[in-house]
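One structure is given below, encoded as structure tokens.
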Amino acid sequence: MGTSARRALWLLLALCWALRESGATATGRKTKCEASQFQCTNGRCITQLWKCDGDEDCVDGSDEKNCVKKTCAESDFVCNNGQCIPNRWQCDGDPDCEDGSDESPEQCHMRTCRINEISCGARSTQCIPVSWRCDGESDCDSGEDEENCGNVTCSSDEFTCSSGRCISRNFVCNGQDDCSDGSDELDCAPPTCGAHEFQCSTSSCIPISWVCDDDADCSDQSDESLEQCGRQPVIHTKCPASEIQCGSGECIHKKWRCDGDPDCKDGSDEVNCPSRTCRPDQFECEDGSCIHGSRQCNGIRDCVDGSDEVNCKNVNQCLGPGKFKCRSGECIDISKVCNQEQDCRDWSDEPLKECHVNECLVNNGGCSHICKDSVIGYECDCAAGFELIDRKTCGDIDECQNPGICSQICINLKGGYKCECSRGYQMDLATGVCKAVGKEPSLIFTNRRDIRKIGLERKEYIQLVEQLRNTVALDADIAAQKLFWADVSQKAIFSASIDDKVGRHVKMIDNVYNPAAIAVDWVYKTIYWTDAASRTISVATLDGAKRKFLFNSDLREPASIAVDPLSGFVYWSDWGEPAKIEKAGMNGFDRRPLVTVDIQWPNGITLDLIKSRLYWLDSKLHMLSSVDLNGQDRRIVLKSLEFLAHPLALTIFEDRVYWIDGENEAVYGANKFTGSELATLVNNLNDAQDIIVYHELVQPSGKNWCEEDMENGGCEYLCLPAPQINEHSPKYTCSCPNGYHLEENGRECQSTATTVTYSETKDTNTTEISPTSGLVPGEINVTTAVSEVSVPPKGTSAAWAILPLLLLAMAAVGGYLMWRNWQHKNMKSMNFDNPVYLKTTEEDLSIDIGRHSASVGHTYPAISVVSTDDDLA
């Protein structure tokens, strides 16, 4: 074979190899799939979970070849088609088998309801909890659970409204419409007060001792009026330099003055304001506020009233299946494409090789699911539950990434998802909501001078605690059936048993200067609170015997607070400048910011422990928002100037969020995912400040690690839960009172006595500074006479090492001077005054032995003759 023939043969082999490689690449055979994927014979990558699952996901079916016959576990239900599903999914009203065999009448007609459940009828396979019967909400598909319920009968200490609603008899003829139909205020005699009471202009009664005490107790402030007291009430609040004081006494940021949005209770921040005009680059909302011009018609409501999104026209007219956009920019109707006429300037509507060619006929156009042919070209589409991941290949949609897709638990399935409920809840098949099983949940809220409760199902409305002064914060230990609240006028935290008669309560914690919010740790039995006056966050045992500052720095206007003892974290809001929401360990460690942008007045926060999210109210932005517990996935639930005029506090239960609005003096409720289904639960309130849901499922049980091995975790003072950052995190740590610190054993406390040492010429003095604050009644007894030397800073040990050498040097110098003195006494000396060095002999020699001096050693004099009399004196 000649050289030219061999060369041609090599070229032919190289060409064949290149064609083989290009073919392999074209079919995707050389495409490398990820470790969690399976590679089809045709090169496509699918998730390993889809291999041998009974569905052909590879177009060539290679994912279902050589599969071992699948057997279901004992805890599974076997569908007629061989599919396996959990047993609990059988006969739950939701078909989970592809053939629907798990919900077939043959399978489900023999189903018997469990204890504490009732059947929805002879022809129904549905069971619901007994507590859902006659609760005012249809839970059976047939509505049978709300039939033959009869009229609600109120108890002897309740009043029956015309609507059938039950309210406390204390609410009758109190000057407020508590029935919401006015029937509790009909035929009322003129109100009278007792001999030791004062009657407000609103007819309500308060103790006579509360009159003219510079604290308005009447809702109309008539007890502190000029006519009653002969003087204006003294306002004790002193606002910082960055804030201004409202006529009603509270402080707000200076920048909120004359911004078009009333922030003071009396609206005094918007009085005598100059007329506002927007800049040329701004858009003026209908309410007069200004936003940047670029925010108009951006698809987001930036104006509170939404006027920036009114009358917006779609700029892009080529959206939708009936439009075609030319490459030259024109937009034409799809019917004009491939009609053999020039409708685009560049003829892009008439490509000869592409018109009326059905690409879907060849290999389904390369689409993994659905191929849709069009006049020019084609497009791939996916079946329900799938989405395009590379314009041709369909992948499963993880619907569970949407927090509101399921009420509680979401399980992602191939092409779909399954919703389930947490323990203690059961799904209402009519609504898909996970509803609590057991006692009726209720809302408990403060109303300044009393604490009230309203049932969320039967709407029973009663008074729990009365004759209070100025209640601002509220929480509960539900397992112990105890309420806790803070009274800003009495500067204390109180408690009462929820089953006790109205009026019986005990002072637990005193000297709380200006409590803003409280949060009860129901597992470790402690209470946390924010204090706006001292700018601190504190923690104490529920009996108030032990307490301490958890944080007393970097706080400006601490407001709401919430705890999660199951994970060991505490969360709080701060509306100071800059406003923020923070989180930290409940032991005071691992402090970090959670929300720092687009936040101005975060008044109330609450935790959704089931969905692991934090919700908060912004009174300045009139907004209800949420984030996950790491500060990610932020969502706006509701933005409303009407229902969020001045929101103060909120709470969450099931799929609903409830909040108090101070300006509207009402309690509202809405869907926690969408903000829809708005409803008014209570109105005509009097300075309501805080609200909670009362139900055993609100506070899930957890292990108190401080009582697991030894009492109080072996701690001398407080035992606090540690943040569970990872599996190696400690369960708890010991903590000491203010002015004390933990010893090396991590359990015992010792006084933090600071030793300050300073030096002077010829002398050294030590001053001991003892702690001056932090000890409270009930704290540990540590004798202050025992001083402590704190751990020396780096380098101090070296100074102690050379101290003996310095003492030896001083002794040598002293001996030398004594010898010189003896020598001078035995010889004559002459002293010549040098006109140049006019210094006295007292300045001739200076020996500085101070530890902190810049120069250590001798300073030699300018005169050679030295007198030692002064040195030895």
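Counting starts with 1 at the first residue shown.
Glycine residues also receive a Cβ, built from the backbone N, Cα and C atoms like all the rest.
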Subject >> Partner cysteine of Cys290 (disulphide bond, per Swiss-Prot) from Cys273, Cys278, Cys303 >> reply: Cys278
Original post:
From 370-375, 634-639, 832-837, which range did Swiss-Prot mark with motif 'Endocytosis signal'?
Top reply: 832-837
**OP:** Disulfide-wise, see what Swiss-Prot says Cys84 is paired with, picking from Cys67, Cys72, Cys97.
**Re:** Cys72
Original post:
Disulfide partner of Cys45 per Swiss-Prot: which of Cys33, Cys58, Cys67?
Top reply: Cys33
Subject >> Second cysteine of the disulfide that Swiss-Prot assigns to Cys173, among Cys154, Cys161, Cys188 >> reply: Cys188
**OP:** Using DSSP, break the domain 'LDL-receptor class A 3' (111-151) down into helix, strand and coil residues and give each count.
**Re:** 6 helix, 6 strand, 29 coil
